[in-house]
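Annotated features in TrEMBL:
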- A:96-321: domain 'MacB-like periplasmic core' (DOMAIN)
- A:365-479: domain 'ABC3 transporter permease C-terminal' (DOMAIN)
- A:576-689: domain 'MacB-like periplasmic core' (DOMAIN)
- A:749-857: domain 'ABC3 transporter permease C-terminal' (DOMAIN)
- A:97-121: transmembrane segment (TRANSMEM)
- A:360-382: transmembrane segment (TRANSMEM)
- A:406-433: transmembrane segment (TRANSMEM)
- A:453-480: transmembrane segment (TRANSMEM)
- A:500-523: transmembrane segment (TRANSMEM)
- A:742-766: transmembrane segment (TRANSMEM)
- A:801-821: transmembrane segment (TRANSMEM)
- A:833-855: transmembrane segment (TRANSMEM)
Amino acid sequence: MKHHKKIPPKLADRFLSWFCKGELLEEIQGDLHEYYEELVDKPKWKRNLLYWFHVLNFLRPFAIKKSRSYNSDHSAMLRHNFVISIRKLKRNKTYTAINVFGLTVGIACVIVIFILVRYHLSFDTFHTNSERIYRVITELHQEDINYVRGVPSPLGEAIRSDFTFAEEVAMVTFLNDRLISIPSFEGEKKFKETIVFAEPAFFNILNFPLVRGNKNTILKEPNTAIVTERIAKKYFGEEEPIGQTIQIDNKLNLIITGILKDLPINTDRQQEIYIPYSGIKDHSPWLDHKAWWFSVNQFRQCFVLPKSDVSLVEIDEALSAISEKYYDERNSKIFQFKLQHLSDIHFNPDLGGYIERKNLWALAFIGFFMIITSCVNFINLATAQALGRSREIGVKKVLGGLRGQLFWQFITETTLISALAIGLAVGLAYFALPFVNQLFDTRLGIDLLRDTYLLTFLSMLLFVVIFFSGSYPGLMLAGFKPVRALKSNLTQKHIGGFSLRRGLIIVQFAISQLLLIGAIVIANQMRYTQQADMGFEKEAVIMLPLHGDKTSKKSILHTRFSRIAGVEQVTFCDAAPASEFTPNTNIRVDSRAEDENFSIHYRTGDQNYVPLFGLQIVEGRNLHPSDTIREYLINEATVKRLGIISNQDAIGKKIFINGKKGTIVGVVKDFHFRSFHETIDPLCITTWSDTYVNCAVKINLTNLKSTLEALEKNWNEVYPDQIYEYDFLDERIARFYEQDNIMLWLIQVFAAIAIVIGCLGLYGLVSFMIAHKTKEVGVRKVLGASIKSILWIFGKEFTRLLIIAFIVAAPFGWWVMNSWLENFAYRIEIGTNTFAIALVVTFLVAIVTVGYHAIKAALANPTQCLRNE
Amino acid sequence: MGKQYIGEFEELILLLIVMLEEEAYGLAIRKALKEHADRTVTIGAVHGTVNRLEKKGFIESTLGGATESRGGRRKRIFTITASGKKALHRSRDVKVNLWNLIPDLAINKL
């Protein structure tokens, strides 16, 4: 019988004895084995399967081992752990402070990042139908694709009349910085606001509820307006806003018929004054050409809410059918309409999105790094501390303390520290948020009681921090051999993984260096954008926005300004040479049959434009004074794209730009007319006084204050009904890089914090290392070692770690920052300097941190440390 | 004593324990269950039930002899206690009484 005795699967048996109560194990296992024997005539796999099945079937409450706690009084144990932890923390004040501080700062960063990222992800998600709201956008397919947020004005009507896919279609036109005045009010009351001409369906698509007024009539009757509660309060205070009249740009009178609930902060539609769409033809007739399919303008947008059962493919087909129906064959290929989902609007940089998703991911990643560094810090300090507690642990173990109990004791300690840190971090984040709000122009706050997401996040964070940073030291402590612990000759070797802590220090250094490299590269690029030659004069130029469109007033202003002592030159133009918004249009050379296959950007300005901004004319001459389009200046890029061989050949050619004929009289040297993110594309400059909405004044900086005052005085005399505003051109240009500058600021802060946290860990580690090398140092000194060689004992260790960290961080940093730089058409090269600086900075910081303790140890009198043996 | 009621499966097992006498241990009960009641259950289910019955005080157990097929492990032999017997009687009496209360006609109709 014995020779064909079958043995049941060992693993199953092992598993059984692992989970099964000891007192039941014998009979259960006996029964199971007997059962297995009975299955002798079945194939082996089936036998084993059945066996496993029955074993697993014993996973019942009666059979499962209770956790092995011989102490029935859990609350006493908890209290004990708590008391011991508090005592320990109190005794090692430096240790506690460093730990709590490191964790607090790290967690505060993460909280702020969490709030920011969530805020951006929440944009426009509150609309009832937000899943199926789209904006129609225009793609201009020429040699390259241009993306425009806007659509031609007849598009809305075309969708409504030709297709049935849309439940609602709304055209809206945004006009920035309009002058709002209140006629009924005595004296000065002028405001600048963005106004929106919107079709009634707009409020059926997006949810901005009315608090007053009739939803069915708003935006339908002409010469009415609805405003938000905030605007009503700002304009009329406590007075009844309904029925009041406001005036737009001194010409359009509107009666307020409805009040909108204040807009939530997480929407990109921050406009607060809505006017019926028909109002455009009274306010800006040139924006309302019924059949003008060729003008696409980012301010005229179209929102649609497709019926819920319509597929996107159908809509795409319908939109391309529109291109085919309303354009000739050539243009139907150029003008293509696409849907942009509501959730994409906030994030798409090509279509004026506020922030790119990848920037948010970068932030989240930095947050992740911060948590890692803080936890690493904790682990380092805690394991270093462990050595000092060997006796406590030894005694506990000798008296029958279990591994698990010691582990939980340590976790209690970690929990205390982490909870304290999270509490402080929330406070810190609370005080940091106003600065963040200022930076991002947001209104974020912490509302712990109602913000369940934040609470969940915080508790998860607490959990992660406790277990990530507490479990390793806990396990290590609990694993001490009592004899060795009590003999108190534990050395670094025994407390396990000094190399692990080396690894952790490397991680910390690498994170700091990575952030430093990022900060340096961004800072360099920003300096480059601000200092590089843009090809025109941007210093000492003041830009004044104009709103009156009367030419006569402009010439009065011109004469008056010219008379001011500090003013060198004055020009009227649509925009400065570099500006964020540059209209583009089609171009045709008179001698050629078809439009060119690229679009040309244009600027308008009078004859002083070129000299004032110091643009260089490389061929031909400047524009002659004129109020209408007669002559064009083009840049070198245009010459190249037109395929004209030399600048000289371009002079005298007749061209049509936006359908307006003119002669090329000069070629200007290429200058950056947009931010460094974009390449220099074809551009023309021409005279067209109707479009001049800016007055640029070149001034002498020596008497700045009196000049500015004189400008304001003269302005107010010429335009008594306007608001005087000005800014410096270089500041305007700096605003192109607002996002980049914010990124720079953030990464600098985070790099600094990461370094500080890293230093704390290093400080802890080094003090520990030195405490346990005092004897070695003493012996060495007695035997004649020099202070230098003793310092080197400590120095070489950290130098090595630092260099390994650098080897990890440098290529990664190079790769990340290179892909960031690719957002710029004109960019710096990442030089070796960048890496050298990162290395040297971390090195210096490390030296300072390590130095104090190391020097103290090296200078100590050897008799002091060798005396006690 | 609120625990005097027993379930149907518990009753079955109690009866089998009485029947099996000296051989009343887990696997034997399972086998008998199959043979006499045509019920196949897992070994775990049998152990769970006897464990419960023992807690309720209806049975007691002693560790019995080991055999080679069990790898030298001892069996736990169950015997019924006085209160177990009482519970069985009670359960039978209740049912018999109920049956007696039902007229023959009503049963035939079923």
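Here the Cβ of each residue, glycine as well, is placed from N, Cα and C on the backbone.
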Sequence-remote partners of the transmembrane segment (A:801-821) [C-beta within less than 8 Å, at least six residues beyond its ends]:
502, 505-511, 513-514, 517-518, 521-522, 525, 827-828, 830, 835, 838-839, 842-843, 846
Is it the case that the transmembrane segment (A:742-766) and the transmembrane segment (A:360-382) touch, counting contact as three or more CB pairs under 8 Å in which the residues of each pair are 6 or more positions apart?
yes
Cβ-based contact of the transmembrane segment (A:97-121) with the transmembrane segment (A:453-480), 3 or more pairs under 8 Å:
yes
Among the recorded stretches A:360-382, A:406-433, A:453-480, which has the greatest number of Cβ pairs closer than 8 Å to the transmembrane segment (A:500-523)?
A:360-382
What are the DSSP helix/strand/coil residue counts across the domain 'ABC3 transporter permease C-terminal' (A:365-479)?
99 helix, 0 strand, 16 coil
Work out, from DSSP, the number of helix, strand and coil residues along the domain 'MacB-like periplasmic core' (A:576-689).
16 helix, 39 strand, 59 coil
Summarise the domain 'ABC3 transporter permease C-terminal' (A:749-857) by DSSP state, stating how many residues are helix, strand and coil.
93 helix, 0 strand, 16 coil
